[in-house]
Each structure stands twice: as structure tokens, then as C-alpha cells.
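A.B. asks: Okay, so TrEMBL annotates it like this:
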type	residues	note
TRANSMEM	6-28	transmembrane segment
TRANSMEM	40-60	transmembrane segment
TRANSMEM	72-93	transmembrane segment
TRANSMEM	100-121	transmembrane segment
TRANSMEM	133-154	transmembrane segment
TRANSMEM	161-183	transmembrane segment
TRANSMEM	189-210	transmembrane segment
Amino acid sequence: MENTLHFVFGIFGNAFALFLFLAPLITFKRIVKKRSTEQFSGIPYVMTLLNCLLSCWYGLPFVSPNNLLVSTINGTGAAIESVYVLIFLIFAPKKEKGKILGLLSLVLAVFAIVVFVSLFALHGNARKLFCGIAATVFSIIMYGSPLTIIRLVIKTKSVEFMPFFLSLFVFLCGTSWFIFGLLGKDPFVAIPNGFGSGLGAVQLILYAIYRDNKGQNKKAAADESLEMGHVNDSLGPTFSDAKFDNTIILALVECHFQFRVSEGS
């Protein structure tokens, strides 16, 4: 029964995380249409790519048993983020393109080092511990990306820039993978996603408090220039356009977060 529940929550986590990874599609449709990255930053997409690569590697059977579902969704996420980064590089101005290429090279180097060390220098639990810590750190950072939006909501007392479905699916994604990690007795999945679940819950609580103020305090919000990845060079399936030109719920994390998406995202 426990194994069945473990698998079911893994499937739920995959589904919710996929929505999060696909959230920026509207933003990239805008970039392609205008043939310009405007004020968007490519940093969150590059860093989310690293998170996905590390989490995918961690979920492989020879690194951590019984976590194949972690690998499937993060492998998918890595492919999606790679497309985002490629599009960004095509349409970014020269200076930004150089910055993103440099960061991408660093990200790939970090991933290569983790792979090399875990394959040839570590074995058994030591390999799992090393890869798990690496993936956990970036998962927590990715899930932490909504903190900028939370601050904005509290400051403006408006949820205009925090769509309900975004908060809901960040919460559902984090919770699904948190339970998956608990059932699988894997702290490297449970801890970062427990953090993501908590942040999602905070967003839902704020939404309940300020839902009637939606659309107010626009000027204050505009001054924040909140375009995720622009405002804050953090990670995650990003919220890209603060006004949520891509309101599809970051799609709902970042998990961006984070997500997303995260070790489980």
C-alpha cells in the first residue's frame, strides 16, 4: 500500500511540475513575436536548467533507488528549459547574450563536475549524499523565487501580481513531492519540497487575505517593476512577466518554483 501511494504521489508531482515548467510559454511566445527579450532576464531559466539536471541525475537508480519519477520530470524539465535558454540566446542583445552564455558554461561545468565526482570518486551512500545535497540546495533556491512576489503582495496589499492558480499549483506541486519524499524516506526530496509547500501555503493565505484588493495599488506595484527574472535573478520556473502576461499559473515553481520545480519538480 505504501509503495502504491509513493508511486501515486510521484505521478501527481510529475503532473503539477510539468504545468510549472510550461508556464513561461506565453512569455516566450511574446519574445519570439517581438524578436526581442525586452527586459526579461535569462538567468532564472539557466539556473532552473541546472536544478533540473542535478535533480534528474540524483533520481537515477544508480544514485538513489526508487526515485525514477524524480528523474523523468526533471529530465523533461531540463529539455524544456534548454529550449527556453536557446530562444533567449537567439533574441537577446549582444551584452545579455554574452552574460547568459557565460552563465550557461558555468552551469554545465558544475553539472559535469558533479557527474564526474559522483561516478568516479564516490560510491553507495556517499554518492547519494553528495548528489542529494547539490540538488537540494538548488531546489530550495528555486522554490524561494516567489519570495519577491510575496513581498510585493504584502507591500501593496494586492494580489494582482500573484494569480490564484500560480499559488495553488506551487502548493500542490511542493506538497505532492514532499509526501513522495516522506513515503520514500528520502530527505533530499522531502526537505526542499516541504519548503516549497510551505511557501505555496503562505501565498494561498495571502491571497485569501488580499483577494478583494486585486487590481488596486497599481502604481506602487508598477514601481516595483516586477518581472521575475528581471527583478530578482533567482531561479525557478519563473514568473517571467510580473503582470503575468503569462498568467497561466506559472503555471502555475518554480518550485520555480521551482519546481519550479525542484528535486521533485
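Quick reminder: no glycine exception, Cβ is built from N, Cα and C everywhere.
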A.B. asks: Of the listed stretches 40-60, 72-93, 100-121, 161-183, which one has the most C-beta pairs under 8 A with the transmembrane segment (6-28)?
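C.D. replies: Checked against 40-60, 72-93, 100-121, 161-183; highest Cβ contact count belongs to 161-183.
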A.B. asks: I need to check the long-range neighbours of the transmembrane segment (100-121): which residues 6 or more away from its ends have a CB within less than 8 Å of a CB in the stretch?
C.D. replies: 42-43, 46-47, 49-50, 53-54, 57, 63, 85, 88-89, 92, 127, 130-131, 134
